[in-house]
Structures are given as C-alpha cells and as structure tokens.
C-alpha cells in the first residue's frame, strides 16, 4: 500500500512544477525534503483530474531536448550517454577544441535568471496565481468555463503569455472591471526601458533582452514596418494615455542577436537615429553580486545615424543598391549669418565643415553667398552629404535649397538625407572657441609638440568654421567619433585655389558624377574614367575629377606618371602593380578608420594587417627611388612609402594567432607568449576548476556506492550531469539537485558540481572581458600608428588612380595634352576631338571636331604650331548656330569635358590638344524653372548668367547655350547680344556661345579685342553642317544643298507640295546657319501632319514678311548712304547696317 499512497503527491507536484520556478540549490532541496508532510485528502474530482497526468514530470520524454534517436540509444546502455553528447555537440557552432572550454554555455539552468528578471514580489504573485489556477482546475468543467471567458480578455492575456521568459506573467483578467481601471503594471525591465526612452525620445532603441534584441512601443511599430518583422500588439505610447489603459504591455518586436548589424544598418539607412541598449553585466557575475534579484543593468552604449554609422560589415550604400548615385557619406555642419539686410537681395556669410567618418576626411570653408545660393549649392553637390547638422536658424532661401536637394529619396544625392538642428546662442562664437581649445588642449597635455602645432592650426580657422567645428565635436561625442578631429592633417579647405572651380550647375550640365536622365553613374564622366581596382582608389578618382588641378607642376607630374605607365604597359613592373591592387579585396581606408575608432573585428584586423604586410613585402627591397624601376617622381614617392610600414605591421601580426583570428575566436586570438596576465590567470582558473570537477567523479561514485568514478554527460547543453538509473534512486543523496530525466534514468548535479560550475562561469566571463580588453588595447596601439598606415593607403589609392588613367589613355585615339605656360594668353586648340562619354555610348562612334579659341603665341611650343579654327581665324569666342538636334550642345559639352580631362592629368580623346590652364568652367545650359524658389525659366537663365558674369576671369572657360530662350524674341535677342559683347570686351575669357538668333552674327562681326598690331577678331561665327533635301513630285538636281548655311532655301520657290528633309552631318563649319529647321525636329517627333502643314505655311509667311521688311530697310539705308545727310559718323554707321542687312538677305 505504500506505493499507491505516494502517487497523489507526485501528481500534485506535476501540476505545480509547470508554474513554480525550479530551484537547483541543494540546500533548498534538502530543507524541502526534510519538511515534507503527508498530503491532505483530495476530492474525487481532484483525483480524477490528477489521474490523467503522467506520474512524474521529470521522467516525461518531452522534457528531453535531445533528438529521439539519441534518447533511444541512451536507454540501451552506458554507451548511450556518449552518443548523446555527440548529438548535442553536432549542434554547436564550430570552434577549436582548445578554446571551446573557455566559451560560456548559454543554455544552462544557472542562467535562467537572465531570462526571468523577477523580484521577490513578482515571485509571490506567481505563487498566488498558481494557487488560483489549481483551484479553478479542480473540477471536470474547468476547461469548458475557461473557454467561455470574455474573448477580449483572453486575447490580451494570450499576448502576455507569449512574451519572453524574462518577463513576469500578468494576473488573469477578470470579466468585471471598472471602466478606466489599470489591468496590470509594466515589468521591471519595461520600466527600465521606459526610463532610458524618456531621455532619448528622438532615438529608436534596440534593447538587449537575454539572447534577443527587442523593440518596444512605437519603436516596435517602426521596426516592423521597416524590417518586415512581426509586431506583437500592446502599448505604443510612452505616456499613460487613457486610450491605452486597458493594455498592460508594450507592443514589441524582436530580432536575433547575430542579425543586429544588418537590421541596425537598414534602420539607419532609412533615416532613423538608432540607439543600442545593452546589458552591461553578465548572468554569472550578476548571480554572484548583490543585485541578483534586480533586473540586469542596461545602458545606451551605441548611437548611430546615417552620417556616423561605422561597422565591420561595410558601408551603408552598397554598390548596386540604388539606381541613383550614392551619397559621399559626409556629415555636413552648416551655419550662416546675414551679411547685409534680410531683403530680397539678401547675402549671407556661411561656414561649413564636412566630415566623412568612414575615411577620416574633413572639408571646411567660409564664404559669402548671394540670394541665389549658388555657392552653397556648389559645395553641397560636390560633397553630397548624407546628413546635415544645422547650427541656428537658416534663411528661407538656404532652408529651401537644402530641402530641395535632400528632401526625397530620389534627390541628386541618390538618397534621402537626414537633417538635425541645434540651437545657436548669441555667444556661440566665444563658447565655440573655448570648447575647441579645451578639446585640443587636452590632447596636448599627454603628447608632443605635434599636438601644439595641431592646436595652432585649428585656432586659425575662420569664426564660422570654428562654430561648426565646436558643434560637430559635441555632436560626434555622442557617437564616440570625436577622435576624428585629432587627424588635422586631413583638414582640407574647399576653396583653396589649387584646383579649378566647378560649380553645381556645371557638374550637372556636364554630367560629371551622374547622368541627367536617371541620375545614375552610367553615362557620366566618372563612369567613363573609372577603371580602378579598389574602393579607396575609386573615391580618390572621384575627388580628382571634381577638383582639376591649377598647379601646372603637379599637373605635369601626374600626366608624366600616366604616360610612363602607358609606355610600360604589359611590363613586369606595371603588371606587378596591377596584380597587387587586384589582390586587395578589403577597403583598407575604411578598415583603418574603424581600427582608429576601435570598431574593427578580429577577422577584419587580421585581413587588414596581412594585406598591408603583403604589400610592404612586395617592395621590401626598395631602398631608393632607383629601385622602384620608374622615373616619375609621383610613382617613386608613392612606392617608397609602402615598405616603410613593414616593421610595425609585422610586429602586430607576430602577436596574433591567425587561425583563431580568422574564426573570430577571442580566447585564442593572441599567441600564448603575448597573452595578458588577466587572460592567463583566468585560463588557469578554468583549468583548475575543471581538474576539481574531474576529481569529484570519485567522490560522487562513493556517494552512490560505486567503486568506479562516475562519468559526466551533457544533455541539451547542460554540462556535468550525473546519470543515475531510476532503479538506483534510493542511493542518491538528498542534497543532489535533479535537473532532468527520462523513463529509465535521472540526471543530477551535486552541490560540489554546482559550486564549481558557478566558479568556472565567473572565470569564463572574466576571461571574455579580459580578452576584449586586450583586443581593445591592441587596436589602440595600432591607432597610434594611424598616420603612416594611412599614408601608405593613400599611396596605393594614388597608384590605383594613375593606373586607371593609363588604362583610359591606352584606348584608341587618345593623346597627351600640351600645357602652355601661365604667361601665355588664354588659348585652347583641339584637333579631331571627341566627346569622352558619348563615344562609349553611341553605336557608330562620335564624329570628331576641330576648333581653336584665343591666340597662340609665337614662342609657345605646341605639337600643332599653326592650329586652325573652322574659319582659319581663331578668336576669343565662338558664336555657334545650326539646326535643332544638329549637335551644338554636344560639341560645347565635349570641349568643356576635354578641358576638364586635361586638367585632372588624363589623356584626351583627340589627335592633339594644346591649352592654357583654366581656373573655372562655367556653363548655362538647358531650360528649367525652379518652383521651390518661385523662379521662372527665364529668371533661372538670367540668374545663372549673372553669377557667371560676376565670377568669370580672363582664365575661365564659359559655355552659354541658347541664352534668352525663356522670354520674347526681341528681349531674348537683346540680352544675348549684350552678354556676348560684355564677355568678349570686358571679361576677355574663352567662350562658346550657342544661339538661334542668327542676327547676332552682325554683333559678332563688330567685336574686336586688343589694340594696334595685337588687334584681332573677338568672335568667330561657326555652325553645325547639315544637308537639306527638297523633295517634289518631280525631283530636280537643284533640290539638294550641302553647304548647310541655309542660303539656298529662299529662292527655291517652296510650294505646298514640297517637303524638306534635313540630314545632320555633325561637323563644324564656318559661317552662320540662317535657319533652325525646327519643323524638321517636329516631324521627327511625329507631330500630326495637318499641324505640320499649318506650321510650314505660317513659317513661310513670317519669313516673307521679315524679308520684305529687311528689303525695305535696306532700300532706306541705300538712299541715306547715296544721298548723304547727317554727320560723317552716321554715314559709316548706316553703311555697316546696310552690309549686315545684305548678309542676312
């Protein structure tokens, strides 16, 4: 009778075991066994309910997490335990057997505390809930009545039960509630989150909870939308709003730990400010501390935005992710102050500083800008920032410009930019000076004279830049990136006059970085030139293209280096360079800056150091410039820097275990002789504990009455379990804690095993912390050598760019440009030049052109000593006419692009090219309005033209395309003529002037430059040739005109049966095209024939009317000239007018 009497006790325990936390302490188990009393008599219903349960939950098969085949093998004999261990071990992550012993096992019951985080009061509440639960299930109809509960209460309760294990279960909902009464309270962990969230309301928080990262409230809804993950409903607001009074949990969403970098990057790329809240104490150390019953301590450890996100997995904008050109990755700080009155013609003083955290580049500038904000636009288009930090208030014009350029995901930067604003006090200048001084003075205390020089350099910055620098230091301190400003070697002024000025309008008109169709890189000048092998080389090439050189010596050095690489193609020394660059898979520039910030991973550090070591070994024998095999100073100086980094790189690699670093194994990362004392101490501690555990097997065997030491087994990740057959349970001491079991065996931990496991866990967690600290110290040591390493990478990027330009130079038809001395008058000559982009895109190639502007001095050396223009008489400017779609704009773009190519040091697609250096390229092309500024098409035209007239110098190249098209014919013609005359006579720069106002030829003929013997023609009239074919019912031989000037059209006797077809020859010829043939373009655009017939008739009538007026005017002038009258000067003027009218006729 003794056996059946124990059954009710076991049945009752089976119910309570599901709701009472399992205690593994042997002392508690001992006290519980000692205080056992006979169970009270149970009712029949209770017995019937309990009789349907298994006799003991610890022996239920469902508690064993090992696969069924493993269980089956274990039950067959002692060898089954070994099979079970193999099955479990196969599920673990691969790591070396040598270091696996140091990794903390995350699935033991001793870490349940990390997943539960309940205080004593919550435990008592759970016990009360258990008592009520057993009471309600004490009759057969309990489940039926449970299902009849209010559906809303059941749904809310269901949401709570599906929460994580680290949160307490809410009390059951009652059907009768007072309106507006709270249904429960937040968990301690949620209260902890709420406290952090209220301090960072503008930040989307990702919270570490156990072995997941979770989002709460509105953050969860945002994460669910952006990351396509599930959001469990609950509270979305962070205040006690009555509308959510019936909810007792925050809405939540979760992601796995290993996916944090991926999801954080996606949220940052979407424009959010993301914060990561981590647990800063571990389970084993917490258990040994005083706050074992309190929630884990959590703090905001990382904050990321679009401009500050740096991680080990690469850039935010991966190649091919967007259709537009990616942004430059810069964080730009901007402030402005009014220069004069804030009126319609407002001017502002602007200060900017742009930081690229991923590479360490810093750009600053201070300038005055007019009401059109052209200067700001130019810098924004060059820098392409992904994030703005605005200090103080901006004027409406500046604010609208920033919104226009960055406010959508399809803007010219390629993606939506994030904007953050900070206030600007009246004493901001003094505060900024003090802040920057304190920042750099702190660096100077513990360093050498270099820090003092660094401080002096920074304090010389303009006031507006100083304000931006102070704001940026404060801003980046929040993200842990303020150390970037230690590297003042990489401070660059945007407006240094060592480079050609290319404003934003020119960048867009010439399609330098992206095409004008879909804003992608294909079809741009960068696309045509980019033959680089590395990412850092590609970034440098982009800078070269955007900032052509004005220093002729540097330019000659760069061209000579490209020429030498071209002449030595397929030689061993050039192939060695190419193969070395091709072998570089890592982005060394970004890897170095991540090392500097301490954000580099172990595999990335190994890859970076090994790559640098391989590069330095390639040129280890280079001791002098002669050893490089090249004569170019640019090539030799770049190669000479590579072997200099070999000692420091080799010294760091000698400390690292390459195999462990490749597997990201922190415990074996350092070779044993280079391990710190803390690492060695904790490894010895773990070994000692494991030795004690091994010796304890004999003691456990004695307790069980066995002579042979027991064997430990590992089941479901729980180590050091002692298996005892259920037939021998009588021998098990009462102090042993049962962990799990099956039908045939039970598994226990002895008090000694529990104590030793806890001690080992403390050693393991301390070891992990010591390994991380040692790795951080190594990164700090390498960061101290950042500048020589960065110089080596800069040399590699220079070599990559030069090789890219030499690859382009090897294309058919490319030639080396010739630069005339600075003392030479402005001059440009191109023989058989081609468009550098269009020739790659057009299936039939590009028809070359020959042109000259300016005057070639007799003393200048040139491969083309007598360059000729189409007319044989080069002038300062060209007036270009021709039919629509005849190639006028393409020709002017090609000329500007060839000048830009020559001044970045590239060969050019032409037979020959001679030029003086241009300090700027200005363009005014196309017709567009500017709605966000309230500017019409013509307003945009004249505003851009006015900016050009103010900034152009005699050394500039100006391209004006169809100026005056946005207004009436008379006004447009008058403005175009006045601008043409002003540029030629007053500015005196090289200019290409495209127009459909044929009568401007008369203005052009009267413009001259120079005095006396130096006097020469100011404007040359040229046109794009075409062939005109008139088809009639009976075709005659005179219906074809090939000269292209249109003068054969007037006397052809056009009638309604006549059709005219135009064939574009795309060739430059002297003279003026007196017709634009717009109807031909309309025919190509498939305008309805009836519309074309009416348009042709109207065009003919207008031409006849204008012709009649000109004849009448000419007759009047003839009479005035023949019969005299008036002053002698009037006679000469009338004669000139008569000549002009006759030419037009």
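Heads up, residue numbers simply count up from 1 along the chain you see.
Cβ coordinates come from backbone N, Cα and C, glycine included.
Over in Swiss-Prot, the protein carries these features:
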BINDING   882, 883, 884, 885, 886, 887, 888, 889  ATP binding site
COMPBIAS  13-33  compositional bias 'Polar residues'
COMPBIAS  121-131  compositional bias 'Basic and acidic residues'
COMPBIAS  158-169  compositional bias 'Acidic residues'
COMPBIAS  1036-1048  compositional bias 'Acidic residues'
REGION    1-183  region 'Disordered'
REGION    183-307  region 'Mispair-binding domain'
REGION    857-879  region 'Disordered'
REGION    1030-1056  region 'Disordered'
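Annotated features taken from Swiss-Prot, shown on the structure.
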residue	record	CB count, 10 Å
882	ATP binding site	30
883	ATP binding site	24
884	ATP binding site	16
885	ATP binding site	19
886	ATP binding site	26
887	ATP binding site	24
888	ATP binding site	25
889	ATP binding site	18
Residues close to ATP site centre defined by 882, 883, 884, 885, 886, 887, 888, 889, Cβ within 8 Å: 1024, 1064
Looking only at the region 'Mispair-binding domain' (183-307), what is the model's average confidence as pLDDT? 85
Using DSSP, how many residues of the region 'Mispair-binding domain' (183-307) fall into helix, strand and coil, respectively? 42 helix, 32 strand, 51 coil
Collapsed DSSP category at residue 885 (ATP binding site): coil
